[in-house]
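J.: Please find one structure pasted underneath; my questions will follow.
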Amino acid sequence: MNLAAFLFLILSFSFGHCVRRNIVLILTDDQDVELAGMTPMKKTRALIGDAGVTFLNAFAVTPLCCPSRSAILTGKYPHNHLVRNNSLNGNCSSAQWQKVMEPQVFSVYLKKHGYQTFYAGKYLNKYGHATVGGTAHVPLGWDHWHGLVGNSKYYNYTLSVNGAAEKHGDSYQKDYLTDLIANRSIEFLKSRKSHVPFFMMLSTPACHSPWTVAPRYSKSYNITKAPRHGSFNVHGKDKHWLLRQPKSPMKNTSIEFLDNVFRRRWQTLLSVDDLVEKVINELEKVKELNNTYIFYTSDHGYHTGQFSLPIDKRQLYEFDIRVPLLVRGPGIKAKQTIKEPILNIDLAPTFLNIAGYDVLQSMDGKSFLPLMDSSQNKTHWRKDFLVEYTGEGDDKTDPACPNVGPGVAECFPDCVCEDAFNNTYACVRTLSKSNLQYCEFADSESFVEVYNLTSDPHQLINIAKTVDPSLLVKMNQRLIKLESCSGNDCRLIKAEEDGFDS
Ligand SMILES: *[C@@H]1O[C@H](CO)[C@@H](O)[C@H](O)[C@H]1NC(C)=O
Ligand SMILES: *[C@@H]1O[C@H](CO)[C@@H](O)[C@H](O)[C@H]1NC(C)=O
Ligand SMILES: *[C@@H]1O[C@H](CO)[C@@H](O)[C@H](O)[C@H]1NC(C)=O
Ligand SMILES: *[C@@H]1O[C@H](CO)[C@@H](O)[C@H](O)[C@H]1NC(C)=O
Ligand SMILES: *[C@@H]1O[C@H](CO)[C@@H](O)[C@H](O)[C@H]1NC(C)=O
Ligand SMILES: *[C@@H]1O[C@H](CO)[C@@H](O)[C@H](O)[C@H]1NC(C)=O
Ligand SMILES: *[C@@H]1O[C@H](CO)[C@@H](O)[C@H](O)[C@H]1NC(C)=O
Ligand SMILES: *[C@@H]1O[C@H](CO)[C@@H](O)[C@H](O)[C@H]1NC(C)=O
Ligand SMILES: *[C@@H]1O[C@H](CO)[C@@H](O)[C@H](O)[C@H]1NC(C)=O
Ligand SMILES: *[C@@H]1O[C@H](CO)[C@@H](O)[C@H](O)[C@H]1NC(C)=O
């Protein structure tokens, strides 16, 4: 043994365990928490939540795949990462994204800090598009890349495997994507360099459309229906333009459709529950489980029948912006619940914090690693935050729905539209002594929605016209600040100082 190797051995024994923690992020697609989306995840709840922390108030800062995933990757609000929608011209995996934002993704810093990085599954909806480098483009920061081309699919997809296109058919044994992600993760854990810390991101197609169920689960939840409580099949009569359009009660065909989707979402999630168990078992086998932080979350929520909208995300309400968030890891006490609001932009700063990086000033989020230490004082955590969304539309009328549009999108089933260019909004969500949401729309009515979630948890009553006008003024001022914040000023604690609780 030469001197260098000897020193390396000494160093890894003496410092190895204090700084070299591994991190795993399991990210699902479209999984809600409000409508019982975690029910099928029995093993996940036991293996991650019960072994660590279940967050009761975790949110996406924007309820659509590509902008939300871009927020997770960069730790930035959409007004700072500039990914507006799921299209290339809205910056979803665009050439400008690759040039400006990709070098700022957390994995780039982890890699610089000596981590081995592994990615498998869905990335950004337009990843792999021919005009932006195709499958040859491997995003910066990933040593082991198994990125899905395009949007979620379970069969008949293409992966970029470290830049080479790998086409898949529809063999359950060979191609079912959730299982393939699990298998590739296990292979990585077996073949990685064992003395180097790793970061793994496993991004499942479940429970996004087309909801293709693994044959082993096709009979599960066969009589399950979407929950009928809260705002199910209620007319959004005093809400913004888009929410006033759906007929209520919904058509029976819409209800049948959404019940079927609800069932299939849960069925596809059972495969994710298996993935979680497999990965945790393997971490144990390779003796890394006690040295690994495991995060489980979703890119945003989902709805099935709320306010008579059949199925989708994209709305400002709790069902679309709340996400599951479970974390276990070294030093985290088991069976904790934490109610401080955590945002998807906090994930990147938390990963960097675990790796021993100072949280970057350019990130809008904040590390929640200290919050998970049960002895820490939680008083100084944020009390409010921003949710912002740019509506998607179509310039042409959909020939299948001649009575709606142009300017709208996602009009199925039964020509009920779930999005529009003017479904563009920004909200302040406050969770302190008061539990409020204040939203402004960029539409021809400059529409305002305000909810008191203490008295109205299902957001049935818009109090914009009845609440004390001075509260509206304060919330409008706070919104203006948050909409232009960047880095540090997004992290300032507010709400109480602004008198929202008076
Ligand atoms: C796309 O991103 C680039 C660089 O980040 C920015 O200059 C541009 O304005 C963005 N486009 C949109 C539509 O926001
Ligand atoms: C996959 O593609 C083949 C060939 O086009 C087609 O026959 C099959 O139905 C597809 N399978 C799925 C699950 O979409
Ligand atoms: C994953 O691995 C399991 C166990 O080895 C195997 O039965 C299954 O067919 C594999 N699935 C895929 C999609 O690779
Ligand atoms: C649901 O599954 C159970 C158990 O497999 C079976 O007994 C029952 O007949 C099924 N019901 C329907 C409606 O398919
Ligand atoms: C719709 O479903 C309801 C409740 O199941 C039923 O009473 C009604 O007759 C159905 N309407 C039509 C048009 O099928
Ligand atoms: C993890 O467990 C192994 C035994 O399985 C032990 O040798 C090691 O010191 C533990 N590491 C930490 C960080 O607790
Ligand atoms: C936490 O800090 C606040 C403000 O500094 C203080 O008022 C409070 O007593 C502290 N709580 C605990 C449990 O130490
Ligand atoms: C996506 O955003 C771009 C830039 O703002 C816009 O031109 C385009 O129409 C949007 N796409 C959709 C489907 O709304
Ligand atoms: C929103 O856009 C639709 C479609 O272009 C239009 O019909 C409607 O009047 C707009 N509503 C508001 C309040 O801007
Ligand atoms: C919200 O509702 C709670 C419970 O009814 C009430 O105490 C509080 O004053 C309300 N807040 C506002 C701003 O209306």
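Keep in mind that glycine also has a Cβ here, set from the backbone N, Cα and C atoms.
This is the feature table in TrEMBL:
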- 1-18: signal peptide (SIGNAL)
- 21-357: domain 'Sulfatase N-terminal' (DOMAIN)
- CYS65: 3-oxoalanine (Cys) (MOD_RES)
J.: To see if you understand the setup: which same-chain residues, six or more apart in sequence, place their Cβ under 8 Å from that of CYS65 (3-oxoalanine (Cys))?
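T.: Non-local contacts for CYS65 (3-oxoalanine (Cys)): ASP29, ASP30, ASN86, LEU124, ASN125, ASN151, HIS208, ASP299, HIS300.
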J.: Just to confirm my parser: what is the rounded mean pLDDT across the domain 'Sulfatase N-terminal' (21-357)?
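T.: Result for the domain 'Sulfatase N-terminal' (21-357): average pLDDT 98.
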J.: Work out the three-state DSSP category of CYS65 (3-oxoalanine (Cys)).
T.: helix
